[in-house]
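J.: My questions all concern the structure below.
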Amino acid sequence: MNIITMDTIYYVLGIIVAFIAVRIAFDREHPNRFGSSLFWALFAVTFLFGNVIPSFYVGCIVLAMVVLASLNKVTKSEEKEVPVQERVKHAEKLKNKIFMPALLIPIFTIIGTLTLGKIKWGNVSLVDPDKVTLVALALGALLAFVAAMRITKSKITTPVQEGSRLLQAVGWAVILPQMLAALGGIFAKSGVGQVVSDLVGQVLPTEYPFVAVMAYCLGMMLFTVVMGNAFAAFAVITGGIGLPLIVQMHGGNPAIMAALGMFAGYCGTLLTPMAANFNIVPAMLLELKDKNAVIKAQVPIALSIFIINMFIMYGLVYRF
């Protein structure tokens, strides 16, 4: 038995999102209050009841959310932000203390990962040992929230207002990482990796070790551009190109291949709007006129790192 499970975290997230949905529903100045409220309410349902609702109906809920987003019914409210002058003044007063809550999250996550799974009372564990890192991350965020409230001495309504504003600013993109990860799993189960392997074998001379590395790295980068998620691409490309060509055909080191292959995938993350949480959300939060400004700034860096990473893999994967 575990006291704190991932379901506990999901319930907390569901309550927060449900509260935002209710808040939007009663906001008469919201330009799309009913559509936006329904979107966030459906999102809350997936957190609160996702473990009891049949997967088919969860899929229907997700499709309904997609329809609302595609019809441009998910927009942010017209809530007034704190004036820039006031924020600057407050930041100058806090100085470096303002960064402490953010630093608490990774620090507590590391400490919690190493310790929380070992706390037991007989047959009762504090957290699920298999999910200890995710639980530690959630608890670290809660600790950071408490620290931020103490440091800033803000009213309890401030995090409610700002949390709602930020989540609405992110908008529909908040569900994209989960959907892309699920899509990667579907591709892997449906045998897309084997299809990719056959196509690469027909087009490229994979009997040469460097060509195998190049095909794998390019596959990771391009599939990540399409999927928006390197983890989703990893299952397909590693199963279709990496293992059969680099490891089995040429005897490459699978650990080195996997590590540097993910790095190649991350280069693709820098190039695609599909990686909304990295490339689109920052543009939304910063209210940039060009929504692709982040991607344009990252293109030369991403391509340079990709080329260097590919040659590093070729130099290491067959030597160790």
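Backbone N, Cα and C define each Cβ position, glycine as well.
These figures come from a predicted structure and were not determined experimentally.
In case it's useful when we look at the structure, here is the feature table from TrEMBL:
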TRANSMEM  9-26  transmembrane segment
TRANSMEM  38-71  transmembrane segment
TRANSMEM  98-119  transmembrane segment
TRANSMEM  131-149  transmembrane segment
TRANSMEM  169-188  transmembrane segment
TRANSMEM  208-226  transmembrane segment
TRANSMEM  231-249  transmembrane segment
TRANSMEM  255-276  transmembrane segment
TRANSMEM  297-317  transmembrane segment
J.: Most CB pairs under 8 Å with the transmembrane segment (297-317): which of 38-71, 98-119, 131-149, 169-188, 255-276?
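T.: Checked against 38-71, 98-119, 131-149, 169-188, 255-276; highest Cβ contact count belongs to 255-276.
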J.: Using a cut-off of under 8 Å between C-beta atoms, tell me which stretch among 38-71, 169-188, 255-276 contacts the transmembrane segment (208-226) the most.
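T.: Out of the listed stretches, 255-276 contacts the transmembrane segment (208-226) most.
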J.: Quick test of the contact rule: Cβ under 8 Å, at least six residues beyond the ends. What residues does that give for the transmembrane segment (231-249)?
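T.: 180-181, 183-185, 187-188, 192-197, 200-201, 206-207, 209, 212-213, 215-216, 219-220, 223-224, 257-258, 261-262, 265, 268, 317.
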J.: Quick test of the contact rule: Cβ under 8 Å, at least six residues beyond the ends. What residues does that give for the transmembrane segment (169-188)?
T.: 39, 43, 62, 65, 68-69, 74-76, 227-229, 231-236, 239, 274, 276-277, 280-281, 284-285
